[in-house]
Amino acid sequence: MLSKKSRAVFLTAVASGTMLNPLNSSMISLALHSIQHEFHLSFTTVSWLISSFYLASAVAQPVTGKLGDLIGRKRLFLFGLILVAVSAIGAPFAPTFMTLLVMRLFQSVGSSAIYPSGVGLIRNHIHERQASALAVLSIFASAMTALGPTAGGFLIVWGGWPAIFIVNLPFIILSFLLGLYMFPKDQKKGAGIKTIIRQLDILGIVLFAGGIIFLLSFLLSFSTSPHAVEGVLGLLLLCAFVWRELKTDKPFIDVRLFKTQRNLSAVYVQFILLNVFFYCLFFGLPSYFQDEMHLSVQTSGLFMLFMSGMSIVVSPLTGKWIDRSGVVKPIFAGALLMTAGAVLLTIFFINVQTIGKGLILSLLGIGYGLGNVALQAAMLETSPSNMVGTTSGLFQTCRYLGSILSSVILGILFGKEITAAHFDMMGIIMIIAGGASLLMAVRFAALMKTAS
């Protein structure tokens with residue numbers, strides 16, 4: 001059993017590593033404007049920094065979760081930190097956008113390897129108040145996601161966009177040194193290549209990644225001229241992926257769940273919609289603030305704090321509401337506030353004073369905070385008890401799919417320039433997403449009533 005001091009050091013080692021994925025997924029939002037202008041890119045092209053990160057995370061997290069079981073969690077955790085360190089050192093000196101994109105992929109894969117390894121290390125070595133220990137990781141992740149844009153804004157003022165990569169180094173060094181010292185040596189030797197290939201659905205992974213990449217390229221091409229062949233290839237690969245997952249014993253994504261668990265499927269659909277909505281704001285607003293409203297990167301970051309700050313404040317309150325009343329009412333309230341916020345954003349945001357803008361963003365933050373916590377609780381409530389690990393992994397995949405879809409929407413809307421008309425169009429899309437979330441919330445309430 002770990003002493004109180006050793007437990008704190010162990011958790012610090014894990015948390016300072018696992019926070020890197022949410023921190024880097026959100027800090028980039030304030031840097032897109034600077035990177036776009038430095039490399040002379042369209043928004044469509046620079047948006048690949050968003051979509052590629054989430055696509056790599058969607059593939060890497062479940063894969064590295066299995067790899068940790070096979071080759072050892074300490075080994076994989078430290079290797080993930082090394083990959084993120086490579087990106088932190090290499091990205092600031094990237095001579096081309098393609099080099100920067102590769103560094104961003106290193107960052108995504110490395111930070112994705114750290115999270116499942118960190119959770120596994122806590123489950124194996126912290127047995128007293130384990131739920132509290134895991135809650136620390138959740139709090140760190142939520143705080144980093146929410147505060148990333150604001151922190152990124154101040155870092156960019158200090159050292160330009162390279163600063164958002166360099167800032168990772170102190171956390172990497174801290175996590176690596178503490179982990180090297182605190183984490184027990186892996187019990188098992190590293191598995192062989194043949195064993196790893198047998199345990200991983202390599203074909204499923206390739207079909208999934210290939211299908212998403214081709215569809216992304218097809219959808220983003222709408223800002224210029226549509227690449228129909230890529231769209232057809234993407235659909236064919238995804239159809240082949242579904243067929244493969246239905247046939248194999250160890251699927252990359254267990255698509256059977258969508259057919260057998262209707263309540264859970266409704267949660268997944270709502271979570272995708274929530275993340276499309278949120279990440280359109282998360283990545284779209286900073287670019288609009290800087291390009292069209294000509295606000296400084298620092299001011300843009302402070303504006304984003306209205307939304308992210310309220311989502312942090314409302315999250316623990318939502319947990320208490322769920323404990324008293326269940327998940328149905330908070331899910332509906334979150335969808336209602338999202339829709340109302342989107343309407344206010346579209347109609348009034350451009351013309352109101354600063355306090356009005358802050359209130360609208362705060363309302364949107366409350367809606368997201370309610371939905372995010374309530375849907376996580378609903379996922380756990382509707383999951384079969386023997387499949388929580390699988391359903392939790394799929395839940396994260398839905399987050400990444402929503403994020404990827406938002407980057408496509410923004411790439412199409414803001415492809416050549418960012419204007420008030422494009423902002424209004426984004427607002428209309430968000431109203432549609434909010435309305436769909438409301439309908440799904442009503443549907444979910446009916447399903448839960450039938451189940452009870």
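From the backbone N, Cα and C atoms, a Cβ is placed for every residue, glycine too.
Pulled from Swiss-Prot:
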- 39-59: transmembrane segment (TRANSMEM)
- 77-97: transmembrane segment (TRANSMEM)
- 134-156: transmembrane segment (TRANSMEM)
- 161-183: transmembrane segment (TRANSMEM)
- 203-222: transmembrane segment (TRANSMEM)
- 226-243: transmembrane segment (TRANSMEM)
- 266-286: transmembrane segment (TRANSMEM)
- 302-322: transmembrane segment (TRANSMEM)
- 330-350: transmembrane segment (TRANSMEM)
- 359-379: transmembrane segment (TRANSMEM)
- 393-415: transmembrane segment (TRANSMEM)
- 425-447: transmembrane segment (TRANSMEM)
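Ranked by number of Cβ pairs under 8 Å to the transmembrane segment (203-222), the listed stretches 39-59, 330-350, 359-379 are led by 39-59. Away from its own ends, the transmembrane segment (393-415) comes close to residues 25, 42-44, 47-48, 50-51, 54-55, 57-58, 61-62, 65, 212, 216, 219-220, 222-224, 253-254, 257, 267-268, 271-280, 282-284, 287, 376, 379, 422, 425-426, 429 of its chain (Cβ-Cβ under 8 Å, at least six residues beyond either end). Against the transmembrane segment (39-59), the recorded stretches 161-183, 266-286, 330-350, 359-379, 425-447 differ in Cβ pairs under 8 Å, and the greatest number is found for 266-286.
Within its own chain, the transmembrane segment (266-286) has Cβ neighbours under 8 Å at 26, 28-30, 32-33, 47, 50, 149, 153, 258, 297, 300-301, 303-304, 307, 331, 334-335, 338, 342, 364, 368, 371-372, 375, 378-379, 382, 394-395, 398-399, 401-403, 405-407, 409-410, 413-414, 423, 426, 429-430, 433-434, 436-437, 440-441, 443-444, 447, counting only residues six or more beyond its boundaries. Remote same-chain residues near the transmembrane segment (161-183) are listed as 6, 9-10, 12-14, 16-17, 19-20, 23-24, 27-28, 30-31, 34-35, 38, 73-74, 77-78, 81-82, 84-85, 87-89, 91-92, 103, 107, 114, 121, 125, 151-152, 155 (criterion: CB distance under 8 Å, separation of at least six residues from the stretch ends).
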